[in-house]
Amino acid sequence: MSLEMFTRYAPQEWQKLHQEGQPIPQVHELARLVSLNDRLSQADVATIYAPMIHYLDMMMTYQQAYQSAKYQFLQGQNHPSLQSHQPFVIGISGSVAVGKSTTARVLHELLSRTYPERKVALMTTDGFLYPNAELIRRGILGRKGFPDSYDMPRLLDFMQRIKTRKGPVSYPVYSHQVYDVLVGQEAVMEDPDILIVEGINVLQLPQNQKLYVSDFFDVSIYIDANPVHIQRWYMERFELLLDLAKQDPHNYYFELSQKPREQARQYANEAWQTINLVNLIQNIAPTRERADLILHKASNHLVDSIYVRNY
């Protein structure tokens, strides 16, 4: 990582940046927000996330001031930016098993409590993967998670409709239990004031596209860690998923859970080496320096460095 574009803060330094006197929102039932095999404590919320809320508040204030100045400049003109207040969009990216979902859910909880008058929404881009049947038809099931496995036109259309407040917008739903998009089932998002978009692909710049998902972000966050640690977390999570699937024939991992454990481990290790690690190296890690904030996690899942983009 090129450190020239970022300033690094140790957790204790980062915590000191939090505005004194500003109350730290309490996260109730923290365990339900933490992903399987991830780790987070109330102390981590105070050290890492409270200053982040302060940082995001600063960025939201800047966005509102910019929109107000733009309104004054274009007043009287029929410009799209004058038609409605734009939502503040936060993008969260990083490898599989690195803890993106935990960060997204905790931020959603904290932002909802900090701004009870605002509508805060959270969405994962997993639903914009092509269904497994379509991936098989295209011959790219083994590239699930790679840029070409996503329905990018639909994702971009969703982001554009949200950013311009085109009313309620439907989007596809993904089930990790069946490891597939739920065909025929969609969720609806209604004009959020703050939207958190979480996914491995949100900072990528696919070829032959004139518009990118990140073009709609006001702030982007990358969750970083040593790939060796991520692989261990991936394998540990895989074994926990097997344990949970043993009694559930409808679970994607049920069949694997019935096999000898070492055979299942070999399957997961091959998936990591040939799919997830390759995707991380080729498509995910190169987007790290496009983020505004980088949270680097140590081998114990805890954030040990915070990088803030200088410009």
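Keep in mind that glycine also has a Cβ here, set from the backbone N, Cα and C atoms.
Source: prediction; values computed, not measured.
Going by TrEMBL, these are the annotated features:
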DOMAIN    89-225  domain 'Phosphoribulokinase/uridine kinase'
BINDING   Gly94, Ser95, Val96, Ala97, Val98, Gly99, Lys100, Ser101  ATP binding site
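Here the features listed in TrEMBL are placed on the structure.
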residue: Gly94; record: ATP binding site; Cβ neighbours (10 Å): 30
residue: Ser95; record: ATP binding site; Cβ neighbours (10 Å): 25
residue: Val96; record: ATP binding site; Cβ neighbours (10 Å): 19
residue: Ala97; record: ATP binding site; Cβ neighbours (10 Å): 25
residue: Val98; record: ATP binding site; Cβ neighbours (10 Å): 27
residue: Gly99; record: ATP binding site; Cβ neighbours (10 Å): 26
residue: Lys100; record: ATP binding site; Cβ neighbours (10 Å): 24
residue: Ser101; record: ATP binding site; Cβ neighbours (10 Å): 23
Checklist outcome for this item: Looking only at the domain 'Phosphoribulokinase/uridine kinase' (89-225), mean pLDDT returns 94
Checklist entry - If you run through the domain 'Phosphoribulokinase/uridine kinase' (89-225) with DSSP, how many residues end up as helix, strand and coil? => result 48 helix, 42 strand, 47 coil
Item to check | Check: same-chain CB within 8 A of ATP site center, minus Gly94, Ser95, Val96, Ala97, Val98, Gly99, Lys100, Ser101 | outcome: Ile200, Ile223, Ile230
